[in-house]
Amino acid sequence: NETPPATSSETEQPKGEPENEEKEENKSSEETKKDEKDQSKEKEKKVKKTIPSWATLSASQLARAQKQTPMASSPRPKMDAILTEAIKACFQKSGASVVAIRKYIIHKYPSLELERRGYLLKQALKRELNRGVIKQVKGKGASGSFIVVQKSRKTPQKSRNRKNRNSAVDPEPQVKLEDILPLAFTRLCEPKEASYSLIRKYVSQYYPKLRVDIRPQLLKNALQRAVERGQLEQITGKGASGTFQLKKSGEKPLLGGSLMEYAILSAIAAMNEPKTCSTTALKKYVLENHPGTNSNYQMHLLKKTLQKCEKNGWMEQISGKGFSGTFQLCFPYYPSPGVLFPKKELDDSRDEDEEEDDSSEEDSDNEEPPPKRRLQKKTPAKASVKAASV
């Protein structure tokens, strides 16, 4: 017995059922994908990426970056409070010099951009002098040395209470780890290397006395000598062109000594890109330089700070997971020599102050003789008048 052939209606019905099932499955998968995309978009909206205050950007770069991401606002004290803090920190026997004050503020508050906006310091000095908060010991105007005027305490009853004693002393502002991490990356990143064009740009900006723009051959000769002595390694290029890398003996760089060598050392260390650092090196750096009251709490703060910087788009983790591996700065950071090597810059500023004092003494010695000469000229004139009258 042969089975009758299936009609067209019977054959079409089973084909239509799987097609409907496939369509429903596709719709459900598309809906799940849309839901996942919406959730991811919501997460992205919650975290707003910003430009860090420590980023070294030119005016054009900053304008371009601000179109995409807004500038992060870092809370800091007012300029007057920063000035008094700097005078107290840089105080010497003869007061705090303007050179030392300026370098202190540049080092601790790089977001002020005092190297570009020097008028902020001049205005603050004028305000505090008029208020009587500070006193000028040497020099005139926005030069010389200053001290903070100590206010006499008229209320001895308050000093009896311990609570009032503690409240009278202003607590030192704690340094935020997110502000010191870029400098830590700059110092700890290895190896350090930079091209000739970047070295020349940095040296001409921060070491105008060397006149590299007018006499570029001096910089080229210094680079070639450093390569011949084994203080630098030329990775690319020939002669004075290409990329140069610092060589070290242990932790200390071999380059240094003269002003030109020190300028090249600062330029390569600052302009090195990209700036990367491992978490183990960061932990050691924070514990040695910013230990705080509790080391465990500092490590907790460092972990939270790295997470915050990564969410804001300031850094990225290029290896490892969590609180391990290596991080990299996402924005350029080119610190000044005063920020990189503050001890060296303070020594140089003291030498400059001594030179200024010597020059001022010489000027005063030269100014004394003129009045005596005038007296000598007047005496013979009087004598001649008397002789004529006689």
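Cβ atoms here come from the backbone N, Cα and C positions, even for glycine.
According to TrEMBL, the protein has these features:
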- 1-53: region 'Disordered' (REGION)
- 12-45: compositional bias 'Basic and acidic residues' (COMPBIAS)
- 75-150: domain 'H15' (DOMAIN)
- 148-172: region 'Disordered' (REGION)
- 151-165: compositional bias 'Basic residues' (COMPBIAS)
- 173-248: domain 'H15' (DOMAIN)
- 255-331: domain 'H15' (DOMAIN)
- 342-390: region 'Disordered' (REGION)
- 348-368: compositional bias 'Acidic residues' (COMPBIAS)
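The DSSP breakdown of the domain 'H15' (75-150) into helical (H, G, I), extended (E, B) and coil residues amounts to 38 helix, 13 strand, 25 coil. In the domain 'H15' (173-248), the DSSP tally of helix, strand and coil residues is 40 helix, 13 strand, 23 coil.
If you average pLDDT over the domain 'H15' (255-331) in this model, you get 90. Across the domain 'H15' (255-331), DSSP classifies residues as 42 helix, 12 strand, 23 coil.
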